[in-house]
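What follows is one structure encoded as structure tokens, with my remarks underneath.
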Amino acid sequence: SKLAALFEHPLYNIPIPEVAEKDKLFIVNPLEKFSLHRSASDEWVSSSKAETLLPTGKTAYDTYPTWLKFHVGINRYELYPRQDPLLPTLLRDLATQRIVSSVQKSGGTQLKLIMTFPNYGQALFKPMKQTRDQETPIDFFYFSDFERHNAEIAAFHLDRILDFRRIPPVSGRLVNITKEIRDITTDKKLAKTFFISPAGNVCFYGECSYYCSTEHALCGKPDRLEGSMAALLPDKALAKRRSWRSPWRRSYHKSKKAEWELNPNYCAQVRETPPYDRGHRLLDLIDMTILDFLMGNMDRHHYETFEKFGNDTFLLHLDNGRGFGTHSRDEPSILAPLQQCCSIKKSTYLRLQLLATQPYLLSDLLREALAADPLAPVLAEPHLRALDRRLGKVLAVVGHCLAR
């Protein structure tokens, strides 16, 4: 396994700082049993009278569902550890656990559902909108592109291979529209949008600002539909997140350009603006830029952080569905922060160099990671080959900066 060899490499074993209590998202006593109760959120409450050891001989922590262990493990430095023993179980849960509730997620431009499991875990379901070999039409604006379920799956694995570990775990899943959405939804607005197509397939379209109409309905074969299942982060009532507008946000206008597209010295003013004027925030944003360039994602208008950790923490790379839309062309403007600031973390640069070498070729590693997904093959081969080409271009930009 190339992937196993990669994670054994010294560059993937640089220790994170020691995690103190203040660096944990949640401070819990693993000897206390937690009882879950149904509410609008994935709320869990401590039962302080619990025995240290349960009758089964397990500690209370052993009885937590995997999604709760994932939430409890989040800290200032990482969303999940490199060698996380929970990861295979969490991905399997996302792909196989019984769905007891499906409701539409409010907001956003396209249809997404929140799925709930019997153990109160929740996942964000993005349905299949286009086939693996379809490319985004050349005349489409980035803000009217489809969100792709397979891009969400591939982005999670790519983020892990780059050792950022800032995207929550995502698995592919084949969902039965009738039994796992239509028959169990309590969302009346969603329920009204189901119909049987002329071909006899079960379809629905939901409510949203783009692509929610009978012309853009999601149809099963006859009721089977592919989608991505992303583990939800802790409810914002339990762990507040802050949303930050990216300084290199696009104009989201058909003819206007953003300031960074017109001012080659734009980075100088970003460097003087909090929170980019100290710490590693700008370098973290450049990490995110490199991830986006590799998958061709032009739609990174915001990013989030956990409020508890202030400015000194990692960025969450959420909403990656507009990646992997084109393999035949690259979008150099995504790399503007790297080009204009000429800054990169040494550890990121060394890992990128490693991923351009034959034993650890980026396309081979991602192909291997995606082969284990229930919806494999997740990406068409040209997308995997494009990764190696784009990685070469990132290294060329860094080389140009070093030469300057």
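Keep in mind that glycine also has a Cβ here, set from the backbone N, Cα and C atoms.
Those TrEMBL annotations? Automatic predictions, nothing curated.
Annotated in TrEMBL:
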BINDING   Q110, K126, E147, A230, A231, L232, L233, E304, D319  ATP binding site
BINDING   E147, D319  Mn(2+) binding site
DOMAIN    194-403  domain 'FAM20 C-terminal'
ACT_SITE  D299  active site
In this predicted model, the domain 'FAM20 C-terminal' (194-403) has a mean pLDDT of 95
Sequence gap of 6 or more, C-beta under 8 Å: which same-chain residues meet both conditions with respect to L233 (ATP binding site)? H71, P168, A239, R241, L316
Sorry to bug you, but what's the C-alpha spacing from the residue listed as 'active site' to D319 (ATP binding site), rounded to the closest Å? 9
Candidate nearest D299 (active site) in space, where candidates are the binding-site residues Q110, E147, A231 and distance is Cα-Cα: E147
Taking residues Q110, K126, E147, A230, A231, L232, L233, E304, D319, which bind ATP in the record, the widest Cα spacing (Å, whole number): 20
Least crowded of the recorded positions E147, D299, counting other Cβ atoms within 10 Å of each Cβ, is D299
Which chain-mates of Q110 (ATP binding site) that are at least 6 residues away have a CB under 8 A from its CB, listed by sequence? K129, F146, E147, C208, Y210, Y211, C212, G321
